[in-house]
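Report on one structure; see the data block that follows.
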Amino acid sequence: MYIDGVFSGGGVKGVALAGAYEALEEKGFRFARLAGTSAGAVIAAFIASGYSSKEIHALIEEADGESLLDQRYSFLPLKMLQWVSIYWRLGLFKGDMLEKWIADLLRVKGVRVFGDLKKGSLRLIASDLTNGTMIVLPDDLVRYGLNPDMFPVARAVRMSCSIPYFFEPIKLKTDTGIATVVDGGVLSNFPIWLFSKERKRPVIGVTLAPNERERPKKNIRNAFELFGALFETMKDAHDARHIASRYEQNIIFLPVDNVMATEFHLTQQKKLALIELGKSRTEQFLKHWTY
């Protein structure tokens, strides 16, 4: 059975999304259209290019997360280099290695640009800080004077994954100047609303968060906790409104509490535990899901 799928962001926690995909594939579900943000953009791109759940499982096991963090070399002490990187480069790591890893894997399936995929089969979210707007890739590239069909999928995924201050923002060269683009999760971490106007088939969303009833209340006792709560609210409130009002019955919630979004040095044991969490939660969901 064909469905549309939406995968949320969550950084390294996104390993759990592979388990959800495995359970869905084993039950005979196939994806006609996919959407994703950040980590969700990675798995959505792999699925759209033709990777099976078993292949993605193997890729995750083989991947060396730390090798994807292309830190700069310098004569400066490490702590000073980190501050300099954030101040001048706007990120601890460049992100080139992450993009190369994604591009190499997509190329195995014959995918380089969006024109290599079925039209409309993949949509990713990024945030344009220069113009203060959300970007739906590849759809919105025409606004920047760019040809969507000729835009590299790996570059779009990297744009969606550029966690602020962790990875350098992408400088998108356009007809009107340069746009600074960061992680789509800043504006929409779970874009399940993307398919709301043209619902051609059942939609399943997979989010790396608890549902609203299970979401813990935030304690705000100092400026750091205020900033964290402010950022989380800006990131999640827009999507939460859509979830609560229309889509909750079609969403698989994968609350991952014991892994940080930037924990790229995951052990094999943690990787397998995340995949199992995603798979078991999805299997439970499918027992009661009606479409």
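Here the Cβ of each residue, glycine as well, is placed from N, Cα and C on the backbone.
Note that the coordinates shown come from a computational prediction; the quantities given were computed from them, not determined experimentally.
Annotation comment: TrEMBL describes Ser38 as active site, nucleophile. Cβ neighbour count for Ser38 (active site, nucleophile) (all protein chains, 10 Å cutoff from its Cβ): 30.
In the three-state DSSP reading, Asp183 (active site, proton acceptor) counts as strand. Taken from TrEMBL, the feature active site, proton acceptor covers Asp183.
The domain 'PNPLA' annotation in TrEMBL covers 5-196.
Counting residues 6+ beyond its ends, the motif 'GXGXXG' (9-14) has Cβ neighbours under 8 Å at 36-43, 65, 160, 163, 183-185, 189-190, 208-209, 256, 259-264, 266, 274 in the same chain. Sequence annotations record features per position, and here TrEMBL assigns motif 'GXGXXG' to 9-14.
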Confidence summary for the domain 'PNPLA' (5-196), mean pLDDT rounded: 90
Neighbour tally for Asp183 (active site, proton acceptor), based on other Cβ positions within 10 Å of its Cβ: 27
Asp183 (active site, proton acceptor) and Ser38 (active site, nucleophile), Cα-Cα, nearest whole angstrom: 6
